[in-house]
Structures are given as structure tokens and as C-alpha cells.
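Asker: Annotation comment: TrEMBL describes 21-38, 58-76, 92-111, 117-139, 151-173, 185-206, 294-313, 333-350, 357-377, 383-405, 417-438, 450-472 as transmembrane segment. Sequence annotations record features per position, and here TrEMBL assigns domain 'Major facilitator superfamily (MFS) profile' to 25-477. The region 'Disordered' feature in TrEMBL is assigned to 236-276. According to TrEMBL, the compositional bias 'Basic and acidic residues' annotation covers 250-263.
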Amino acid sequence: MASQDIVDYERKMTRRILWKLDCHVLPPLALLWLANFIDRSNVGNARIAGLETDTHLHGNQFNTVLAVFYVSYLLVEMPSNWILKRMGANRWLPIIVCAWGIVTTLTGLVHNFGGILAIRIVLGACEGGLLPGMILYLSTIYKRHELQLRVGIFYASASLSGAFGGLLATAIIKMDGIGGLAGWRWIFILEGICTVLFCLVAVILLPADIASARFLTSEEREFAVARFNLDLPPKLAQGTDGERNSINIGEKEKPEEYRRDNVSDDLTSPGATQEEEEFEWREVMRGVLDIQTWLTAFAYFGLIVSLYSYSLFLPTIVAGLGYTGSAAQLHTVPPYVPAVVLTVIIAFLSDRLRWRGPFILICLPIAIVGYIIAITAKTNTGRYAAVFLMATGVYPSGPSILSILPNNSNGHYKRATTTALQLAIANCGGFVATFAYTPDQAPRYIRGHTISLCFLILAWVLIVANVSYCLWENKARAEGRRQHNITQYQELWDSGKTRAPIGDRHPDFRFTL
């Protein structure tokens, strides 16, 4: 077969595999993330529907209810990722989703501050493992520079959840009085039931990994495993010469040039798509000590302050513009529409150009301008226009930040640690977000907007630092100044101190900007 025929075959197989993966993996993940954001932020819709009055909340108690969610949320993120490795994402993710769906439903039955406080703590513990788990799972299925588009697609459902949640709340509130329950109680009950149903979809559709995906043919599975393994850094001490061969595809209908020996025959084993890697604290510490973990974690912290306060308090902010009841709920919908569209567009371009940080540096100024307008605008029209800019700048930046560490961390447990630690640190921004907008600021909320503005500026500066670090490190590797990494790793291997792959320490590994 001519070389052009080989290229055409690979391109055709790649398109077919990605299409099948996208159709079977992304929809259930998008549903889970949609449910996550709705169940996390529906308390904002319930607030303007009477939750505070019926549960006798006063002062800053509502903000406290929001804040305690993040205590348990951030504590479970790293352990959850370690459990996911053992149980498999197709089992673990639906389990935690089903749990928080039940908890959300029970939220509709609380009657006082203590009850809603307890239920929010449990909800945080159930929801905390979802996002780091999904990011880690996707990084074991898609190649490094196919990742952000997929993260962007399910992340766009977070924007969609803001619009959908507002519409859903508007409809559900009309059930006020049915069964003797207030409309805000029905918001939690019905949305919790929907979440449990979503988890059943995930159980049916999500594969454990690409090697055991039933929707792929045996030929496609073999090709998919091989192309994924080609994206990994070379192994050194495990008996290979450090060279990566061409993609090994199956024997059926393929010429001799394709028959290689670099892919395992056991393509149905759970570990066929990953290095056979045992847990090592050394790999955990590699993740903890990685400078990119901290730069991107605190950058995402700044983004989270804006993102969470926006989703939680948009109904309140809109109500402060003079809208009430159903009109306030409906006016929370339009700002999310451009955010959804731009999130997917930026994710596509980011994968195509293999950029992460540069797109964040472009998008965040849009949100920064939005907050400046919100602070300085004299009319409700101007302030309402500002919330469009806030969402348009913040939401597309999320997938870019979330894709940096999966792209630049290699070795399963290092990647599991960096992604979870990034989110654990970043979600501390939830505490800031919940107290950024307090009742005494109504209707302008200037202090809340100023807090979000300052943290977005901080995020922008930290991303500049991370991009600069990646450029510097890539230059050093290109100039041969990281060859000592091989010697150091070989010493660790020979002494029995590690059996993890060399991963991102390999001098040929290049960081994504």
C-alpha cells in the first residue's frame, strides 16, 4: 500500500473512532455536568422563590449555607480520583451522581437553618469528585490535543445549566402549593430526581476505557489503543529503547507495513490503554511540587470566584435590576447563550492550535471589562449588558485552564494528583464567592463586582507566568539542557524507588502553552 493510502487509512480510522467516542462519552458527561451545576446553583433560584423566608434564614446565613458546601467539596477531590483509578470511571462517577441526586431531592424537605446547612455539607461531599474525575477520565481516552474540545463541550453545559436552570425554575415555581409544598421545594425535588435519571444514562453509555468500549469494533479498539499510546512519552527503563513505533493496527484488511509489535494483544484488559502503574507517594509528590499545579490552581481560584458567584447570585443581581418573580428568572437565561457558543469555539481553536494559556489571556479581559461596566454603569440597561460580558469572558476560560495540567502531567497518579489538587485549591474560591455578594450591597453589588474583578486580574497574571514557564522549559529541552532527567530517573528505577513511567520528565516531552 502506498504511503498516501496509509495516511488516508489512519485519517479515516481516527475520524471514525473519535466520532464514536464523542457520541458515547460526551453526552452522558455533559448531562452529569449539567446536573452538577443545576443542583449546585439551584439554591440561587430557590432563594428568590421564598427559601429564605420559609427556612427562617436571616443576615448572612444564606451565604453560610453556600460556603459550607465547599468545605466537604474540596476535601474529597483527591481521594475521589484515587478511588476512580481502582473502581473505574464508568462505575464511580454514576455512584456519586446518584448520591447527590438523592441529597438534592431531600433538600426540598428542610425547614430550618440547621437542616439546610447539614444537607449542603453532604451535597458537597457527593459532588466534589465529579469534575476532577471527568477530567482524569477524558485524559485516558483522548490524546493531549484532542482534550480541550471535549472538555469545552461538557463545560458548555455549565453555561447551558444557567439558562436551563432559570427556565426550569420558572416552570417549577408554578407548582407552588401542589402537595402542600412551596414552589422552591419542588425545584429541589424534581431536579434531584432528574439527576438520578441522568446517572442511569451514564451507567449504560460510559465505557471503562477505550480498550473495552463495546461500541468500537475489535479493529477500532486496537487502532484506538495504539494511537493513544503514541501520544505518551517513551518508556526508558521498562525494557524498551525509548523509541515509539508507528501505529499498530489489526491484521484484517491491512498490508504488511502496518503489522507492528508495540501494542498489547490483550486489548480487553482494563489497563490496556494506560501504563501498568501502581500507586506511589513519589508520584503524588511530583504532582504536589509541580509549579504548574500551583500557578494554574490559583489562576482557576480567581476564575472560580467569578464563575461561582455569577451562577449563584445572577438571579439576585437580576432581581436588583428591578425584575421580580418569573421575569427575574427568565432574565437570567440570555447572558448564558453567547457563553455557550464561545466556549465551544474557543475549545475547538485551542485544540487545533495546541494553545491553552493564550486563549485565556484573550478571554479574561472580556469579563474584566464586564465587571468594570457593572461597577460604573448608571443604568439598569448598562448593568444588564455587563453580565453578558462577564459570562462570555469567564466560561470559555474554564476548559482552557482545566486542560493545562492533563496535557502537561504524565504518569497516571501524577496527573490524578495535579488535576485534583488544582481543583481542591481552586474551589476554595467558592468561599470567597459565597460572601462576595451580601444583602447589604443591593442593588448595585459594587463590592462583589470589585472582588470578582480583582481575582480575574490575578488569574490573568498567573496564566502569563505559566505560559512563560512552559516557553522557558520547552526551550531548555530543545537545547538539550534536560538530558540529566533520564539519568536521574534511571537511578530511581535501578534502586527500586519507582516503577512509574518517566512521563513528563522525558527531555522529548513538550509542555502545551
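Keep in mind that glycine also has a Cβ here, set from the backbone N, Cα and C atoms.
Those TrEMBL annotations? Automatic predictions, nothing curated.
Computed from a predicted structure; not experimentally measured.
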Asker: Please tell me whether the transmembrane segment (58-76) and the transmembrane segment (117-139) touch - that is, whether there are at least 3 C-beta pairs under 8 Å between them, with each pair 6 or more apart in sequence.
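Answerer: Touching, yes - the transmembrane segment (58-76) and the transmembrane segment (117-139) meet the threshold of 3 or more Cβ pairs under 8 Å.
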Asker: Sequence gap of 6 or more, Cβ distance under 8 Å, 3 or more pairs: do the transmembrane segment (117-139) and the transmembrane segment (417-438) meet that?
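Answerer: Answer yes, regions in contact.
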Asker: Let me spell it out: take the transmembrane segment (357-377), skip the flanking residues so only those 6+ beyond its ends count, and list any with a Cβ under 8 Å from a Cβ in it.
Answerer: 299, 303, 306, 342, 346, 349-350, 383, 385-394, 396-397, 400-401, 404, 445-446, 449-450, 452-453, 456-457, 459-460, 463-464, 466-467, 470, 513
Asker: Taking contact to mean three or more C-beta pairs under 8 angstroms, with sequence separation of 6 or more, is the transmembrane segment (450-472) in contact with the transmembrane segment (294-313)?
Answerer: yes
Asker: Where does the mean pLDDT land for the domain 'Major facilitator superfamily (MFS) profile' (25-477)?
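Answerer: 83, rounded to a whole number.
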Asker: Excluding the flanking five residues on each side, which residues at least 6 beyond the ends of the transmembrane segment (21-38) place their CB within less than 8 Å of a CB in that stretch?
Answerer: 93, 97, 100-101, 127, 130-131, 134, 137-138, 141-142, 150, 153-158, 160-162, 164-165, 168, 191, 194-195, 198-199, 201-202, 205-207, 210, 213, 215, 224, 311
Asker: Using a Cβ cut-off under 8 Å, which residues of the same chain at least 6 positions beyond either end of the transmembrane segment (294-313) come close to it?
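Answerer: Those are 37, 40-41, 43-44, 66, 158, 161-162, 360, 364, 367, 371, 387, 390-391, 394-395, 397-398, 401-402, 404-405, 421-430, 432-434, 436-437, 445, 448, 451-452, 455-459, 462-463, 465-466, 469, in sequence order.
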